[in-house]
Amino acid sequence: MAASLSTLHLHHQLTFFRKPSFSLLNKSVRSTRITASLEFNITFAPPKPKPKLPANLQTDAVSPSLPPGQHFIPWIVRGEDGNLKLQSNPPARLIHDIADAKTQPKKKKDQVKKESGGNVKARMEAEPKRSKAARRFYNENFRDKAQRLSKVLAAAGVASRRSSEELIFEGKVTVNGSVCNTPQTRVDPGRDSIYVNGNRLPKKLAPKVYLALNKPKGYICSLGKKESKSVMCLLDDYFQSWDKRNPGLPKPRLFTVGRLDVATTGLIIVTNDGDFAQQIAHPSSNLSKEYIATINGVVSKRHLFAISEGTVIEGVHCTPDSVELLPQQSDAPRPRLRIVVHEGRNHEVRELVKNAGLEIHSLKRVRIGGFRLPIRPRAWEAC
């Protein structure tokens, strides 16, 4: 845009003042007085001419029904002659399609059956998709509760998973009057009649139990009945009061998640949930395990560096997450090390300390993931 400036008169009067120091910023300062008179004479160039539309697009450009100066929505359509034209009204074909449009009717059961190939139930359940919370609620309350036969026997406390499979292979388990030799057979204790060695399996399975136990020294993590000093002996009072706390429910068959050797004390988890135990014990879970190792002798920085470098256990190089020398206590003159690992290898902490040239006096596990050790030895508490 071109502009021409003919005259410009500027008269001003200014009153200056000295810049204040930082110590006077909070005090009032006399403001500047400016007076000015401006006179402008500005002219603008004429507007540029708008480009003209092609002749084939000027047809029906303005509807006669619209008042002059009113805006309209242009519709560019292709006429019968194949040329494009501009009009203010939507095409007649679009108006007819909108008028004839109807909402989609609900599909009848026969039509759904025809589309899904006869499996109406699968079609109905597949649509729509549910949230994770809704699927969990459905699985816990409405879904078919059939499980593998070997898993049902283990959950009922008959035997371990492997021992249950051996009973099934030996033909000692019957389902609805027939001998079943397949551990993968899907059964529901609430509907199916299951017998093991002539004894009827209860219709209700034992609830899931999760206990944190403070294992003392001298006890082993074995479930054998011949073992007199098993950690399960520490839960006798728990099983004695089971019928009072859970009337009508069978006693669960508990087992330990992982193991602690006979000389190691501390936290061990006891449960009857195999899936939960697999998640805790499997190395892919990367759950950290914290140990307190009491050492015979003097611990130096060289020993700490040697432990932090790790060692090879069962052909795998294992490295601890952290190694820390704890402050010495008045009632415990021996030095103590706090070692955190996540591999879960057999005797991992003992091998790490042994590789550094140290001797362990006692070893205690105090944490598994977010589970902490109960206070009293031989004590247990619900997780």
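Every residue gets a Cβ built from N, Cα and C, even glycine.
Please treat TrEMBL annotations as automatic predictions, because they have not gone through curation.
Annotated in TrEMBL:
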- 112-130: compositional bias 'Basic and acidic residues' (COMPBIAS)
- 147-206: domain 'RNA-binding S4' (DOMAIN)
- 102-131: region 'Disordered' (REGION)
Roughly where does the domain 'RNA-binding S4' (147-206) sit in mean pLDDT, to the nearest integer?
87
Tally of DSSP helical, extended and coil residues in the domain 'RNA-binding S4' (147-206):
16 helix, 14 strand, 30 coil
